[in-house]
Amino acid sequence: MVDILRSPVGVQLSLHRLDIQYPESKFCRICFHCKLEFGLAKQRRIYVPKMSRKKVNKVVLSHLEHELVDEEEDNSQMLIRNDDRILGLRDEKFFVPPWGNLDESLKSRTDSVSSNSGRLSCILEPRLHFLEERNEEVLSKRILNLSRTNKVKSAFDLYMSMEVSGLQPNLHACNSLIACFLRNEFFGEALKVFELMKKNGVTSGHTYSLILKAVARVQGCDTAVEMFVELESESRLRKDFDVIVYNTMISICGIDNNWIAAEKIWRNLNKNDYQATAVTYGLLVGIFMRSGQNELAIDVYNEMIENKLEPREDMMQAIISASTKEGNWSLALSVFNSMLDCGFSPNSVAYNSLINSLGKAGEIKLAFWVFDLMKSSDKKPDEYTWNALLNVLYKGGRYSDALWLFESIKMKQKSQLNSHLYNTALMCCQRLGLWDKSVQILWQMESGGTVVSVESYNLVIDTCEVARAPKVALQVYEHMVHKSCMPNTFTYLSLIRSCIWGSLWPEVEQIVDTVPPDVSLYNAAIHGMCLRGKIMSAKKLYMKMRDSSVSEVKH
C-alpha cells in the first residue's frame, strides 16, 4: 500500500481527490455493516477522473479499485482516513440508529389498542434517504407540504430519515404528519410518530388532541379516557398540556354521554390550575343536560359567571330549563332577565318552562308577565304555553279564570286544544261542582275527535258526585261503557259514593254485584251505608263480602 501511495497513481489521487464524484450509494457512507438503504439513486462505482500528461499504471489502479469494491461486497468496515473531504466523514452517533428499541416500546401501546379497521401495527416500512440538506426548517417544510398533499409514504420516509440523521422536524411538521396518517387511517404510524415526539420532548396540546380523538374513534371513549389519565400524569413533568386537551377529552366524553368521566376531567382541570374557557363550560353544560344532571349543569354555569365569562344564548336557555326542572324558579327568572338584557331572544321552550315553574311556585303575576313578553316577541304561544297557563290558574285556585281562558283558547286557537287542556278544564269544573259544564266539555271532546280516556270520564263522574247528581253520574257511566272505555276502580268508587249520597241503594248493590270482587268497593259501600244509617244493609253486604272470599287486607 505504501508503494502504491508513492507511485504516480497515488500522487494523482492526492491531487484530484476533491474532483472525485462519489456515488449516491444505496449503502451508508460510514460503514457497510448496517446497509441502510438511502435510495437516492442506483449504486455506481467510484469514478476516478482521467489523468492528463501522466502515465498511469493501469494494473495498480485496477488493483486499488478492485480492493475498494471487494471491501464493499464483503460487508467489512471500510478504513477511512481522517479527512472528511474524501468520503464525507460523519459523526460517530450515526453508526447506530437513534430510535434504539423503539419497536419494543411501541408494541405495548399498539397492542393495547384495537381498531375496527385493523390499521394498528405499522404498515409502512420507512425507506431511509441520505439527506444532503441539513437545514431542519427546510426539511420540516418538505414534510409539511408532503403531509398536506397526503403523500403519506414520502412524508414518513423523510421524517424517519431526519430521525436517523439526528435532525428534528419542528412541531408544526410533526402534527401535520400525524394528521395525515389519521386522515388516511394509518393509526399505527401515527402512534409511532407520537411516541417519538414524546421521546424528543416535542409535543403540544394539539398533538394530544389529535391522538386522543383518534383513539376514541378507533377504540372508544373508555380507552381514550385511560390514555388521557396516563398522559395527564406525564404532562405534569413536561408541562405541555393545555386547556384544549381538556376540551377535546370532554367533547369525546360527550359523544357517549359519559358525564361521570366529564365531571372528573372538569375537576382535574380546576385542580391543575388550568383556566377553563367558554367552550369548556358549553361542552359541560351540554353533557350534563343530556344526561339529566341538572344540578351539575347549574354548578358549571355558576362557576362560569364567577370567572366573568359571558355565556352563549343556547347555554342560558339550557340553564333556564335545568333550573325549572330543579324547581329553582328564581335562578331561571334571573337567567331569563339576563338574556333580555343581552339582547337575546328566549325560545318557546324557555318561555313555557319558566311559566310552568312560576305556576308551580304560585307566582301567577310573574307567569302572566312572562306570557305577555312572549306575545310581544316573535314567539307565538302553543299548546304547551296554554297548558302551562291553565295549570298556573288551577294551582293558584283561580278555577273560574282558568275556565274563561279555556273558552278563549277554544274560540281563537281551537286547533291547539288537546286532552291535557280538556282535562285541566274538567278539573276546574270538578272544583266548582259544574257538572253541566263538565258534561258539555266531554261532549266537545268526543265531537272534536279527541280521544277520551278513562281519566276524563272519571273527572266528569267525580264532578257529578260533588254536585250531588248521581243519576247524571250513572248516565255518564253507561255512556262510558257504550264507548268501550273500560272503567277502573276509581270509576266505581266515585260512582258508589255518588249513588250513596243520592240514596240509590239498589244501584249500589248492583254495582257491587256486577264488578269483579274488590275489597275497596265493599269497604266504600259499607262505610257509606253506615254513615247513612243503613246498618242492616251494611251487615248484609259484609256477609256477602266474606262469602265471596275477598280478603279485607287486600290492597
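Each residue's number is its place along the chain shown, starting with 1.
Using N, Cα and C of the backbone, Cβ positions are placed for all residues, glycine too.
Any TrEMBL annotation is an automated prediction that lacks curation.
If you check TrEMBL, you get these features:
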type   : residues : note
REPEAT : 170-204  : repeat 'PPR'
REPEAT : 277-311  : repeat 'PPR'
REPEAT : 312-346  : repeat 'PPR'
REPEAT : 347-381  : repeat 'PPR'
REPEAT : 382-412  : repeat 'PPR'
REPEAT : 418-452  : repeat 'PPR'
REPEAT : 453-487  : repeat 'PPR'
REPEAT : 518-552  : repeat 'PPR'
Problem set entry | Close approaches to the repeat 'PPR' (418-452) from elsewhere in its chain (Cβ under 8 angstroms; 6 or more beyond its ends) | 383, 386-387, 390-391, 394, 399-400, 402-403, 406, 409-410, 459-460, 462-464, 466-467, 469, 472, 476, 483, 485
Seminar exercise, completed: Its residues classified by DSSP, the repeat 'PPR' (170-204) shows 27 helix, 0 strand, 8 coil
Exercise. In the repeat 'PPR' (277-311), how many residues does DSSP assign to helix, to strand and to coil?
Worked result: 26 helix, 0 strand, 9 coil
